[in-house]
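K.L.:
Mind having a look at this structure? Questions to follow.
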Amino acid sequence: MSRLQRSLILFLLAFLFICGILSYPILTEQWRVTVKAVDHVEAVQEAFRHAWKGYKAFAWGHDELKPISKTHGEWFGLGLTLIDALDTMWILGLKDEFAEARKWVETELSFSKNVDVNLFESTIRILGGLLSTYHLTGDTLFLDKAKDIGFRLMPAFKTPSKIPYSDVNLGKGTAHPPRWTTDSTVAEVTSIQLEFRELSRLTQDPQYQNAVEEVTRQVHRLEGKRDGLVPMFINTNSGKFTRRGAFTLGARADSYYEYLLKQWLQGGKKETELLEDYLQAIEGVKKNLLRQTSPSKLTFVGELSNGHLNPKMDHLVCFLPGTLALGAHNGLPADHMDLALQLMETCHQMYAQMETGLSPEIAHFNLQSNNGRDIDVKPADRHNLLRPETIESLFYMYRFTKDSKYRDWGWDILQSFNKYTRVPSGGYTSISNVRDPVYPAPRDKMESFFLGETLKYLFLLFSDDNELISLDKYVFNTEAHPLPIWPSTS
Ligand code: DMJ
């Protein structure tokens, strides 16, 4: 070898060595992230199996597990947890658990029952759960069951105004409002549209779509909104808003806003009135409800009551960062994403600042420039029901930004659930006091949405597979059941 050749080889070896050293941290970091994601995904599967173990042992075929007393609770008597969890098991790849649940649906589930169910809750959990499971599996058992309950829910719409009643008797075919009022809740009558529209598309029977779109049309035209924000109640006789003047993005109004955006996406971005109402409402939020805390300047969405801003926010509002991010991903103004980033931080702090690392049901925020804490919790609001909204938003934020801090925040929440809500004999429980790590006061109830939503969004947050329920192909209903975006017909 000539001297020149030797020098060239030496130079090349030195070059490769330096490149190797420089890229080592990047490669090991990537490897660490991948390994971490796999660990995290397995941790969610393990959590699901533990929850399912309790449900199977003490509540099989019933609505909810009471994991401390090792028994069950009944709401509608329709195996609510099992149905809510079907598509989660499919997505998590839990084939054996799915097969035994499918068997129960095939042999035990009957809607021909003299039982009053809440229209909204049974639509988002049961109809939504059956429709999404049908789409994921292609198994017509689930479509048949969806058709059955969808048809049985229709009497709710036979009211003087066509704004549906809150309750339906599935066996008798009768419907009625709650005993104390003829009002329905605005979020409830405006968050059943994704499911009924999809049922019409699948059955080619327009009655479902017509019924829910009549509600949308009426609410669109109604007086009593403030900059696109809606009151919390609507009367089933007059079809008008009642108890006006109070505006919130939390309980009783929350999913109205979510379904404006998601219906627009479901229908292929053609229904401009839905988009206009959504855009106007977000402007309404910015103008009327947004404030910043002292001293840390956390942005939050307060509540307005007859012109007075109450600096409190339900944990339920934590769906909003995810919804705003979804809108921005679909071409809506970039400042929606800015707001999503800020609100996501606040929702994270609602967990991080609690002694158990779990959020309270309602947070109060400090607006005074004193030395107080940013977040305060009233004694009556200290419970945590294993709700999904923050994790749901973390999932959207991670999908769109790929910022690993969102996974870290989700991981911390899972750790806290395992530490403070996991029941050794199986299942997880709601707790009464997120500020007491010594005795968080278990409430003895595992809500169906813990399996339907919370664990599903955690799994999707940690999964590296972007095509697993692609956000360009599916919209999640408000109970985390993915429904397809309709194929374009033009
Ligand atoms: C769920 O049933 C749904 O997410 C609904 O939109 C709000 N409440 C619970 C979860 O917190």
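Residue 1 is the first one shown; counting continues down the chain.
Keep in mind that glycine also has a Cβ here, set from the backbone N, Cα and C atoms.
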K.L.:
Do you know which of CYS19, CYS318 TrEMBL records in a disulfide with CYS347?
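P.N.:
Between CYS347 and one of CYS19, CYS318, TrEMBL records a disulfide, namely with CYS318.
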K.L.:
With the cut-off set at 10 Å between Cβ atoms, which of these active-site residues ends up with the most neighbours? Options: GLU121, GLU361.
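P.N.:
Counting Cβ neighbours within 10 Å, the top one is GLU361.
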K.L.:
Fill in the CA-CA distance, CYS318 (disulfide bond) to GLU121 (active site, proton donor), as an integer in Å.
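P.N.:
Answer for this pair: 19 Å between alpha carbons.
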K.L.:
Where ligand 1 binds, which of the recorded positions GLU121, CYS318, CYS347, GLU361, THR478 are close by, with Cβ under 6 Å?
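P.N.:
Within range of ligand 1: THR478.
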K.L.:
Identify, in sequence order, the residues in the chain of ASP254 (active site) that are 6 or more apart from it along the sequence and have a CB within less than 8 Å of its CB; answer 'none' if there are none.
P.N.:
ALA187, THR248, ASP314, LEU316, VAL317, PHE319
K.L.:
Reported as an integer number of Å, what is the Cα distance between CYS347 (disulfide bond) and THR478 (Ca(2+) binding site)?
P.N.:
18
